[in-house]
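S.K.: One structure, as structure tokens, below. Some questions next.
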Amino acid sequence: MFSNSKKKIFLYVLIAGVATFSFAFLVLNRLQAEEHSLAYVENLFLDPFIKQNESLAHANDRPFKLYLGIFSQAKNVDRRNFLRTDYNEYIKEFAVNDTVDVRFILGLPENEQELATIREEQRTYGDLAVLPIPENVDAGKSIVYFQTFLEGYQPFPLFSELADNLIMPSTQFHGSFIYNQSIKTYELPGMKEFQDLGEPKHDYDFIVKADDDSFLNLPRLFEMLKEHVGKSRFYFGRDCTRRELPTAVRDFPYMCGFFYIVSPDMAYEVAKRRNIIIPFEDAQTGYSIYLSGNVKNAEFSKCTLYDLILPNEGFNYRQSYLRIDAIAVHKLKSIPLLSTVSNWFKKMYEHRANCSALIETERLSCLQATIPLPSLDV
């Protein structure tokens, strides 16, 4: 009888011990899961945006040189003024140890008023790059842009008297396929034509082509570029497809034209092919890179490069709502819309900066919160 009682007591103690151990194990796992969750959210949202000192200290290890070419037109003065102010603020704060040169890329002016406007703007800011080609989207502007990164290229002499008479209407293709049309450029005396230019210059690690109706989330862009410093044959963007392309060229990969990045050697591959094969700028760029052969560092991104979902604009597979990890948000055709998107990102960064001052248990909930999406009826 006594022996059975001892067995029962031992069994109860054993069960209690196992239960206690299991409970402790579950609690410990829960705490570890919360720590991992917090670390994940911090990595996603805080670095490098909030932990600025740590981020900038890390930036000392891998400084980069970036040419940020924003494709614009002479008439888009207000858009350039907005982007110039906004981007320079981010560059001063988040690229302290890096080189970031912002330039607005223009074709030739269409009339004397445009010439006077861009001359005054250049006197004030000095950040315009005029190309010796009529203003266009798909008729060779990008190809000529990339030739500016070759040895021997001389900038267009905007203030020369010779430029007074170089007024040309914009040119566009209208949907028909152009299988072999040569680019015609209008170099002024002192400028070399393409065939007289040399090898790629390596003044920059990265060369960006972006449209002025896109907002670039520069802190996120800078963070991403740190991972690719020193890479050659680099091509980054959102992969696109066009059903309009003929079957023979439909399957090669290319990046959507509103934002992509190349290394200097890839810029040369685009610039040296002077004949337009495909009447879509982004597809022509991708095709030239494809023909070059070994593109060993092609990086495709979908979620961080997108068209903004807007009211009454229909839907396409490239669209998304605003998200903090975006690199480029496209289809911002008005200054109020650009301003709305820019302000949303600034408020999100401010909110997450405030989160960093909280204790860990409160910080997670703070980071999971988001600033309400703004009204986009602008």
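Backbone N, Cα and C define each Cβ position, glycine as well.
Note that the coordinates shown come from a computational prediction; the quantities given were computed from them, not determined experimentally.
This is the feature table in Swiss-Prot:
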| type | residues | note |
| --- | --- | --- |
| TOPO_DOM | 1-8 | topological domain 'Cytoplasmic' |
| TRANSMEM | 9-29 | transmembrane segment |
| TOPO_DOM | 30-378 | topological domain 'Lumenal' |
| CARBOHYD | Asn53 | N-linked glycosylation site |
| CARBOHYD | Asn97 | N-linked glycosylation site |
| CARBOHYD | Asn180 | N-linked glycosylation site |
| CARBOHYD | Asn354 | N-linked glycosylation site |
S.K.: Judged by the number of other CB atoms within 10 angstroms, which among Asn97, Asn180, Asn354 is the least packed of the glycosylation sites?
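M.R.: So among Asn97, Asn180, Asn354, the glycosylation sites given, the one with the fewest Cβ atoms within 10 Å is Asn180.
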S.K.: Roughly where does the topological domain 'Lumenal' (30-378) sit in mean pLDDT, to the nearest integer?
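M.R.: For the topological domain 'Lumenal' (30-378), the model's average pLDDT rounds to 85.
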S.K.: Between Asn180 (N-linked glycosylation site) and Asn354 (N-linked glycosylation site), how far is it from one CA atom to the other, in Å?
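M.R.: Distance between the two Cα atoms comes out at 57 Å.
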